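Report on the following structure.
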Amino acid sequence: MFPAGPPSHSLLRLPLLQLLLLVVQAVGRGLGRASPAGGPLEDVVIERYHIPRACPREVQMGDFVRYHYNGTFEDGKKFDSSYDRNTLVAIVVGVGRLITGMDRGLMGMCVNERRRLIVPPHLGYGSIGLAGLIPPDATLYFDVVLLDVWNKEDTVQVSTLLRPPHCPRMVQDGDFVRYHYNGTLLDGTSFDTSYSKGGTYDTYVGSGWLIKGMDQGLLGMCPGERRKIIIPPFLAYGEKGYGTVIPPQASLVFHVLLIDVHNPKDAVQLETLELPPGCVRRAGAGDFMRYHYNGSLMDGTLFDSSYSRNHTYNTYIGQGYIIPGMDQGLQGACMGERRRITIPPHLAYGENGTGDKIPGSAVLIFNVHVIDFHNPADVVEIRTLSRPSETCNETTKLGDFVRYHYNCSLLDGTQLFTSHDYGAPQEATLGANKVIEGLDTGLQGMCVGERRQLIVPPHLAHGESGARGVPGSAVLLFEVELVSREDGLPTGYLFVWHKDPPANLFEDMDLNKDGEVPPEEFSTFIKAQVSEGKGRLMPGQDPEKTIGDMFQNQDRNQDGKITVDELKLKSDEDEERVHEEL
């Protein structure tokens, strides 16, 4: 694109071409015709030997035209040619600046039309001729091609070739635009194109950076719209033209594709595409968010997508880790929300752009799906879904052995795990670090038969690294139902009595009274204590294995039997250990 040039008011200098065709009007007999008897011509003879298919306008009286011609006599001898001077004729038609025959011969012509004109002497240079060039009473033959036509009353002509169905905004004065264009003269001669430069033409509209006609022609355009803009020379480069590519007094034709538009005063634009019901929390500065996105330019060109990487984009918002426009655009979003975020370049990558996919001064459009977000200060969110109808006197606490069913999913509904796949409830001892901290917390204080929903932030789940099947930094949603609970055992205990242990423990355990207790007697004694309700084993473990571990602990010398000296209660061992430490 060429810059706007200063207006020109210099007088038109007439070359020899115009001097030949100037106001030398013979005394004629008006609009006559060729003599039927083959005598002298009474009027101009016009042969239209090439007529273009499209003719949007025809030359009228008072129009300014630019044309090439060859002038010859009847014998074919050339007396003048604009081609020889490589200079078009540029002149007003019908105001006496041309010989009458040429004035009449140009009327009704279309751009790119070719005509042969036969001008009789009385409509040419008459009985006087033009000294040294045109003899008296000469009939003149002209071969003319019209290249341009305009009128001082013309305005910019705008034709919309393609308009997108959705138009988020239209160009106004003061906006900054990026567009592609092809520039031609009215006869189709190309003089410039942005496509050959490998980038759009970027400029402000209505600020004097463009020729006046282009300033006007871009107004009201939508991103993605295609226009044809015809600009008369007095709204383009006027009498001086531009360099060697745009001649003086040339009408210009631009085919324009608007890529994007913004204003330096623009803020981030938000459009909610889908809002899930029951949004109880919106993202704020300092939250950590996981989201999917498609990023495109204003014309729809995709430059990036998290979906192509099969991984969410994970970041803190409102803390400068992402471009300012995205930082702003993500705040206030709900989990599961889909929104469109339009970011002007001064809140994105500015005048320089980034990489080879985001050009300078580009407006960016992100279609975002918020998967989840959390704050490092978040705790487990607990919501009771249902409670048993009967009175609940005992609830779960640290150390309890619990059985529960659960479904675990991401906040977008993606199911990860369920206990129903295993055909039995999950088992855990609360506070024993056997489940993630958030689930451990959420299972406490429950009644048997109660159902809860737990929202567990990642720092109380699987953290930034995630786990098998669990993405990093994922917030987890659990639905849990408590099936049963049992009081647990103190840490380090495999068996406890409900009351005091027997006073003569070894004698009671030595069933055959031989002074030693083999594994069979030990197992029989412990099982009897459990069945009689005098004691209980660690819940959730295989009783045989637990009893075997207890026997191994008491068989100090590992000889396969327990003696009275070896048998000690854990409480006695703990007291001895404390005494030794003291």
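Every residue number used here counts from 1 along the chain in the order it is shown.
Placed from the backbone N, Cα and C atoms, the Cβ positions cover glycine too.
According to Swiss-Prot, the feature Ca(2+) 1 binding site maps to Asp510, Asn512, Asp514, Glu516, Glu521, an assignment based on a curator's inference. For 497-532, the entry in Swiss-Prot reads domain 'EF-hand 1', with the evidence type sequence analysis. What Swiss-Prot records for Asn70, Asn182, Asn294, Asn310, Asn352, Asn393, Asn407 is N-linked glycosylation site. Taken from Swiss-Prot, the feature signal peptide applies to 1-26, supported by sequence analysis.
Here the features listed in Swiss-Prot are placed on the structure.
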residue : record                      : DSSP class
Asn70   : N-linked glycosylation site : strand
Asn182  : N-linked glycosylation site : strand
Asn294  : N-linked glycosylation site : strand
Asn310  : N-linked glycosylation site : coil
Asn352  : N-linked glycosylation site : coil
Asn393  : N-linked glycosylation site : coil
Asn407  : N-linked glycosylation site : strand
Asp510  : Ca(2+) 1 binding site       : coil
Glu516  : Ca(2+) 1 binding site       : coil
Glu521  : Ca(2+) 1 binding site       : helix
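For Asn310 (N-linked glycosylation site), the nearest neighbour among the listed recorded positions (Asn70, Asn294, Asp514, Glu516), judged by C-alpha distance, is Asn294.
Here the Cα atom of Asn70 (N-linked glycosylation site) is found 131 Å from that of Glu521 (Ca(2+) 1 binding site). When Cβ atoms from all protein chains are considered, those within 10 Å of Asn182 (N-linked glycosylation site) total 17, not counting its own.
Rounded to the nearest whole angstrom, the C-alpha distance between Asn294 (N-linked glycosylation site) and Asp510 (Ca(2+) 1 binding site) is 76.
A simple way to gauge crowding: the CB of Asn512 (Ca(2+) 1 binding site) has 9 other CB atoms within 10 angstroms, across all the protein chains here. Remark: Asn352 (N-linked glycosylation site) has Gly360 as non-local neighbours, by Cβ distance under 8 Å and separation of at least 6 in sequence. Note on the binding-site residues Asp510, Asp514, Glu521: the fewest other CB atoms within 10 A surround the CB of Asp514. Considering only the glycosylation sites Asn182, Asn393, Asn407, the residue whose Cα is spatially closest to the Cα of Asp510 (Ca(2+) 1 binding site) is Asn393.
Checked against Glu516 (Ca(2+) 1 binding site) by C-alpha proximity, the glycosylation sites Asn182, Asn393, Asn407 yield Asn393 as the nearest.
Asn512 (Ca(2+) 1 binding site) and Asn393 (N-linked glycosylation site) are 44 Å apart (CA-CA, integer value). Neighbour list (Asn407 (N-linked glycosylation site), Cβ cut-off 8 Å, at least 6 residues apart, same chain): Gln415, Phe417, Thr418, Ser419, His420, Phe478, Glu479. Of the glycosylation sites Asn294, Asn310, Asn393, Asn294 has the largest number of other Cβ atoms within 10 Å of its own Cβ. Looking only at Cα atoms, Asn182 (N-linked glycosylation site) sits nearest to Glu521 among the binding-site residues Asn512, Asp514, Glu521. Of all the Cβ atoms in the protein chains shown, 17 others lie within 10 Å of the Cβ of Asn70 (N-linked glycosylation site). Per-residue confidence over the domain 'EF-hand 1' (497-532) averages 90 (mean pLDDT, predicted model). Within 8 A of the CB centroid of the Ca(2+) 1 site residues Asp510, Asn512, Asp514, Glu516, Glu521, the other residues of that chain are Met509, Leu511, Lys513, Gly515, Val517, Pro518.
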